[in-house]
């Protein structure tokens, strides 16, 4: 389970101005939650706090019972390596690695041996429909294909939590739906948790729950309406 | 366009402050070194030429012979010739000053004739000390000093100056000055008859300066006079004398200029690497500008202007630095930069406008050349593709060019076979350039090889580094080519200098076989050991045998400088460091051994006939072998002392080598020699002292070379550092992703360091190989053609390995430090930027 309690984050000198505070939420295994909100309300900052990439100013973040707030940089990196997967709006596929190597990258960081890493990467590529593109270079792929590679990379090491920041923001609506369905399906199949930050109502509706980030906190979409 | 130029292109230089500053500084250093060498040698050559013209005065022709001089009866015969308006005889002497531990050039002149031919040497009697003498200048002990000599020796009119004549110390009276000699020239003048008598030159002069009658053609007069001259005496125009003398230092000057040029080329390369990486980073910006309607040509021009601006600013800074370097070098090493070509002169530093303009232009050209390939790359870019993420990776897919590399190396081999142009090893330098280009072309292949080795370890960092270098070998090439060039240069110079020093050391051991050396005047003319002195030394207790040495010069033709003549017991050549086999002459013929320089300059080889002018007569010798001589660049010939004495009747010696009997101490015999010859009359040294002194001079000569080499290596390391800095900044997003995926800052830092070390290792390995090849060219072609001496290859393996390890470590450190800056920013911000 992923739990946030009374989370606080500010900006300016020493976090003088509150961006958000008193945020709490729970995500269960196999569940995908979408977070929506106006621009500048702090959605991406919240995502970064969840990943330990930005320090919270107060509150608690726990992944499967382990507290993230207060951990050192290296410990957080180790946690991300084992338990987190990321999908970015701009894909961020490394151009000097081929498709299979990009997918295998998290396994390399976990010191999985080459043959096993390659086998698992190929299996993930098959899962996202790119079995035949394993040895292609990223520049040879379309935007939709690149995001499928990113999904495979996010899940290949069987993380507990996948964080996706506008994962379909760079895709046309037709492809966006397919890619998003694939992402959510993969997360559910893996028994992982998914948190999706998006502007898109259509994308958010595919999640199990929608939370809206406002000045008052994280509110369930139904409650808000 | 001008607004776009200013705001988009030139303004980007200000945004990339560190890279721009390093490129600018590298070009400035290259310009400064080249300009400083030019200014120093220009000033020294000017001063040298002024000195030569001063001594030639109004003469149209100079009749010159060996250093020991020729019969002064020739003067009377030439003065009577129809073509000659005035003739002035001169005795040139290098006189040792025992109290000052230095020598002083003294010109014995005819005071009644000197005013008409070389007025600058006219002595001016100090009126206060005339003492009523009507012809004070003709008095036998009267000496006249130039202002510079007065200042340097601290002696003025009325005081006395001790000089060495043979082994006697003689006191001369400073009777006045030579005001026409100017401020920078240390010399003295005395009456010719007094000089001849005092220094044992009765009836001999060294030069006759002739001024021709109006309307007489100089060349025709020269042709008319030449046939009547004795053997070993030539008639030359003052300009030809000056050119011959100045030509002696030309190879050295060209060598230093080439080193400076390499520094400038390295600076240009730095512009290339920073511009190339900047173009990679700004690829989407350029694609956007192209989409907005900027023409391909305008984009290319804008990038070329960036390079030119860096070159121009670097050039301006280099001009200021160059004049500063020159001023410091004048103070520290003198006008010859320690090489000994222009000793005794004090050239003045001045702003050199033409040279400054030329080097400013070279700075701009270096900047333009560095920007050319990146600009061309940007010009070829397809905007639609470049707007897409990751397209800049295509810039780094360098293709190996094995054929071009092989062609460069084969071309270098062919160029090594070609002779010098005008005494300058132009083709040798071109071969060095081709080897460096070939090495850089080989680099992509080597980087691939390194990545294969690097792929063996299964650690994630190694795999990532391997993947990056394999997919984008261009990055390795851009960063590693600077390492290749600077390591190759440093290795080549280290091997060349080590080989040279080792060869000089062994040569000194070979040419100094005796246990003790007594020198009356080192290769000079005023001090000598007469037969009585030689006999007394030989008769000293503890002396087993002696080896007198007589030095002189001989003129073989009017196209070369006089060559040194060394007459001493040679034991059939066994006491010389021969190169190749000795060829004893047929019975009845006299053997002569020529130095490598003489063999080259006069196209002589073992078995050839050689006629030497000795005692005014041509004497036939047979070349019995070629020997190695690092002391006399203009050439030297060694003959048996007995043959010399038989031909000339000259029984004096300049030096004598003393072999001690078993059990005799050096100090005992040295003290005995001083007792019989006087404390200040001779110098006594052991072979070890002479060797140490000679090697110290060697090291001083190469001091400037070392300094310039260090600057070139420094610029190369700048290049590595800049390349990694720019690469690290360009890869911030990649590092951001890796941080998201769980890499710690330390791991990212180690990744960057690993890539830097692998790249530097490939560059250093190639630099070691290329440097060895360049050293071979320097030793076998450049030195051979420049200075005409050979040397044995000596590779300082230990030193090179330490150097290689330091370069690799520094490159890793540079990469790490550069990467640190890139990782300082938030990983979140890095990935938020558009890829």
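In case you wondered, yes, glycine gets a Cβ from its N, Cα and C as well.
For B:20-226 (among others), the entry in TrEMBL reads domain 'MacB-like periplasmic core'.
Counting only same-chain residues 6+ beyond the ends of the transmembrane segment (B:258-280), those with a CB under 8 A from a CB of the stretch are 12, 16, 19-20, 22-23, 26-31, 33-34, 36-37, 286, 303, 306-307, 310-311, 314, 362-363, 365-367, 369-375, 377-378, 392, 395-396, 429, 478-479, 481-482, 485-486, 489, 705, 708-709, 711-712, 715-716, 718-719, 722-723, 726-727, 730. Annotation source TrEMBL lists transmembrane segment at B:258-280 (among others).
What TrEMBL lists as domain 'ABC3 transporter permease C-terminal' is B:258-381 (among others). Per DSSP, the secondary structure of the domain 'ABC3 transporter permease C-terminal' (B:258-381) breaks down as 98 helix, 1 strand, 25 coil.
Residues or ranges marked as transmembrane segment by TrEMBL: B:303-333 (among others).
Counting same-chain residues at least six beyond the ends of the transmembrane segment (B:353-375), those with a Cβ under 8 angstroms from any Cβ of the stretch are 23, 27-28, 30-31, 34-35, 38-39, 42, 264-265, 267-272, 275-276, 278-279, 299-301, 303-304, 306-312, 314-316, 318-319, 322. Sequence annotations record features per position, and here TrEMBL assigns transmembrane segment to B:353-375 (among others).
Within the chain carrying the transmembrane segment (B:405-421), a Cβ under 8 angstroms from the stretch's Cβ atoms is held by residues 427-428, 430-432, 434-435, 437-439, 441-442, 445, 773, 777, 780-781, 785-786, all 6 or more beyond its ends. The transmembrane segment feature in TrEMBL is assigned to B:405-421 (among others).
Taken from TrEMBL, the feature transmembrane segment covers B:427-447 (among others).
What TrEMBL lists as transmembrane segment is B:468-496 (among others).
Summarising the annotation, TrEMBL assigns domain 'MacB-like periplasmic core' to B:481-675 (among others).
Annotated transmembrane segment per TrEMBL: B:703-730 (among others), in sequence order.
For B:710-825 (among others), the entry in TrEMBL reads domain 'ABC3 transporter permease C-terminal'.
As annotated by TrEMBL, transmembrane segment applies to B:751-777 (among others).
Among the features that TrEMBL reports, transmembrane segment is placed at B:797-815 (among others).
Contact check: the transmembrane segment (B:797-815) against the transmembrane segment (B:303-333) gives fewer than three Cβ pairs closer than 8 Å, residues 6 or more apart, which falls short of the contact criterion.
As a whole-number mean, the pLDDT of the domain 'MacB-like periplasmic core' (B:20-226) in this prediction is 82.
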